[in-house]
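Notes follow once the structure below has been shown.
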Amino acid sequence: MNKNATPIARPFHAWLLLLCGCMSVLAAVVIAPVLPQMQEHFSATDNVEFLVPMALTAPGLVIALLSMVVGVLADRTGRKNLLVVGLAMYAVFGVAPVFIDSLPTIIGTRIGVGLAEAIIMTASVALIGDYYSGVQRERYLALNTTLSSMSAVIFIAVGGALGEFGWRTPFMVYSISLILAVLALLVLWEPRSHKEEHLLDKLTAEEEAMWNPWKIAGICAVTLVGGVLFMAVQVHIGYLLHSVNVTAPSSIGLLASLAQVAVVVGSLCFRLFLNKAWYVTPVRLSLAFGLIGTGFMLVGSAHGEVTIMVAGTLVTGLGGGMLLPSMMVWNMSNLPPHRRALGTGAWMAAFFLGQFFTPIVVVGLQEVLGSHAAAIGFIGQFVLPAAILVAIGQRLQRNKTLSVA
């Protein structure tokens, strides 16, 4: 038996890497139901209304700043060992708030979580690309989006249930990455370098012409806005439900999970419509943004009504589930092979920067308008008309094209 033979990648290896990718979802949602408890605990801390939501979104800023740097490091030092280190760091920094009673220090540990996430996301996706090829690779990468949305439902519910025992308890969930670290160490392997293969790639004139930095910048600008909108309700759902007298962490967790189910349904709708001729990029974006804008306006008009508030979060989740893959596919379709890593890194940076700015935008408006619900409803007043205008513009352009033909 040749000891240097490359191992055969099995479905188990793909599922392990996909579960590693779910750690970024866990970091984003598991503590969401206990943010009001955290804010009450640290009420004496200056700017607590800004700092507590940033405990949820700070990792996203770190991912935005470091994901491309981590990619370079992974190419030079290898993916497997870096993934194992990232999973171990994730557990250490993730669990740390259980033992800390300083909000600024907790924010510092969340920055550490962001660094670990950047490592885990970059290395796990790279390994999927290394281990698999063709249709099999595409299937696993597509499954990554669906699995992430579905895992969010579980993590939100778990966070709400554990929140009944205090706001610190959900942070213990981060320790599960140690199990993944051990499995990764034992069953994964370092792929051989594909540098020579890449050097043999030839760029066609069409591929060269595809690269338009200004167009990618425009896509990233839309993605930045999309990142803010995608996270606005998820980050502040605890406060929104408090405003309609839903205060039990378990209830908040359950309703937040339902909103995440809507995200899953939205992502499935995207896949269902993908082969339809009418489902072109402007239609995808206008439909997704339109649903988000409608959901935001329902949230803003709840005025103490639980049913309206929950309906708003569900419609928003449905739109968010359609928006994320729409933006990803839009960006990827404009990237030639020789610029794909750069363009993907830029897209990730824009999306996670949007997530980081979410509490700044919403809380800033809340200070002026008086409540989180009013702030989100105000944003919806701009998002929905903009989506309608895009849809009308697409319809007019389509009619013009048909008349010319």
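From the backbone N, Cα and C atoms, a Cβ is placed for every residue, glycine too.
The model shown is predicted, which means the values in this text are computed figures rather than measured ones.
In TrEMBL this protein carries:
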| type | residues | note |
| --- | --- | --- |
| DOMAIN | 13-398 | domain 'Major facilitator superfamily (MFS) profile' |
| TRANSMEM | 12-35 | transmembrane segment |
| TRANSMEM | 50-74 | transmembrane segment |
| TRANSMEM | 81-100 | transmembrane segment |
| TRANSMEM | 106-128 | transmembrane segment |
| TRANSMEM | 140-159 | transmembrane segment |
| TRANSMEM | 171-189 | transmembrane segment |
| TRANSMEM | 216-240 | transmembrane segment |
| TRANSMEM | 252-273 | transmembrane segment |
| TRANSMEM | 285-302 | transmembrane segment |
| TRANSMEM | 308-330 | transmembrane segment |
| TRANSMEM | 342-365 | transmembrane segment |
| TRANSMEM | 371-392 | transmembrane segment |
- Query: Between 252-273, 285-302, 308-330, who has the most Cβ pairs under 8 Å to the transmembrane segment (140-159)?
  - Reply: 252-273
- Query: Thinking of Cβ pairs under 8 Å, which stretch from 285-302, 342-365, 371-392 has the most of them with the transmembrane segment (50-74)?
  - Reply: 342-365
- Where, among 106-128, 171-189, 308-330, 342-365, do we find the most CB pairs under 8 A to the transmembrane segment (81-100)? 106-128
- Message: So if I exclude everything within five residues of the ends of the transmembrane segment (216-240), which remaining residues of that chain have a CB under 8 angstroms from its CBs? That is, six or more out.
- Response: 28-29, 32-36, 53, 56-57, 252, 255-256, 259-260, 285, 289, 292, 295-296, 299, 302, 309, 312-313, 316-317, 320, 323-324, 327, 330-331, 334-335, 343, 346-347, 349-355, 357-359, 361-362, 372-373, 376, 379, 383
